[in-house]
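Student: My questions will all concern the structure given below.
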Amino acid sequence: MFMVNLLMLVIPVMLAMAFLTLLERKTLGYMQFRKGPNVVGPNGLLQPFADAMKLFIKEPLQPLTSSTSLYIIAPTLALSIALIMWTPLPIPYPLVNINLGVLFILATSSLAVYSILWSGWASNSKYALIGALRAVAQTISYEVTLAIILLCILLMSGSFTLSTLIKTQEHTWLLLPSWPLAMMWFISTLAETNRAPFDLTEGESELVSGFNVEYAAGPFALFFMAEYTNIIMMNALTATIFMSAIHSMNFPEFFSINFTLKTLLLTTIFLWVRASYPRFRYDQLMHLLWKNFLPLTLAMCMWHTALPIFLANIPPQT
């Protein structure tokens, strides 16, 4: 039964990821006054399947001087971690109900750094290694603010479980009292998933393609799938933390529809940002985090800690 539940989670996530690539190409197309993919199937609807077939049928070439085992493990690990992160997410019921669900997601997202680092090192290429080091520095840096923002939210809900966060938001979304945190969280998730305007790991002008420059065919497709799965996952987490739907025991499907629509809306904003903004310079990227976001989030954390103590109150769900 567990295997059936697992497949019922993995297959829709993979399908969503496939059609997100199409949605992105269509969105960018229309924002640049062109059509986007429109040949394969009606209105280009079968384009993701054509891309998948093309990539997985091609021969996976690798550099002679590369470290074979790590070269193959890195993309597999990237996709595995991207899928494992979905397990504690309530949609409205999680696959595995973990007490420390929020902490689990934060810890698992940190592991994604290893796949990027290994891929850059195992490729035995200067460009790939520089791209990987950039990605690691960026991801580790922005995880600091993500963790502090999550701490502020957990101080409001009083529990590490995601289902408690849903209960906390029965009366009002946490987006309303903590909108500065939500804005910083959203920008940090853009940086965490290496998306524009923070896609410095893939700076074509200086790094050819970034950490995946030596990858082709299937392994490259796995990195690509992991990136888009992470995007949907981060937006799903944002929807759960800041804009959770009310969960009714009688109509759990209403929660699922509401949750899906919010995730789709946030994902579309990700694509919109990519079409609208140019890439940051690397020093600006780090300046934004260490000089702007970190002091602000620390101040907000102190505020959220002091407020319940000052009012002699406790969070609602403890």
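Backbone N, Cα and C define each Cβ position, glycine as well.
Quick paste from Swiss-Prot:
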TRANSMEM  2-22  transmembrane segment
TRANSMEM  71-91  transmembrane segment
TRANSMEM  98-118  transmembrane segment
TRANSMEM  146-166  transmembrane segment
TRANSMEM  171-191  transmembrane segment
TRANSMEM  222-242  transmembrane segment
TRANSMEM  253-273  transmembrane segment
TRANSMEM  294-314  transmembrane segment
Student: I'm a bit unsure how to read this: which one of 71-91, 98-118, 146-166, 171-191, 222-242 has the highest number of Cβ pairs shorter than 8 Å with the transmembrane segment (253-273)?
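Tutor: Of the candidates 71-91, 98-118, 146-166, 171-191, 222-242, 222-242 scores highest.
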Student: For the transmembrane segment (171-191), could you work out the same-chain residues 6 or more beyond its ends whose Cβ comes under 8 Å from its Cβ atoms?
Tutor: 138-139, 141-142, 145-146, 149, 152-153, 156-157, 165, 197-198, 234-235, 237-238, 241-244, 266, 269-270, 273, 285, 288-289, 293, 296-297, 300
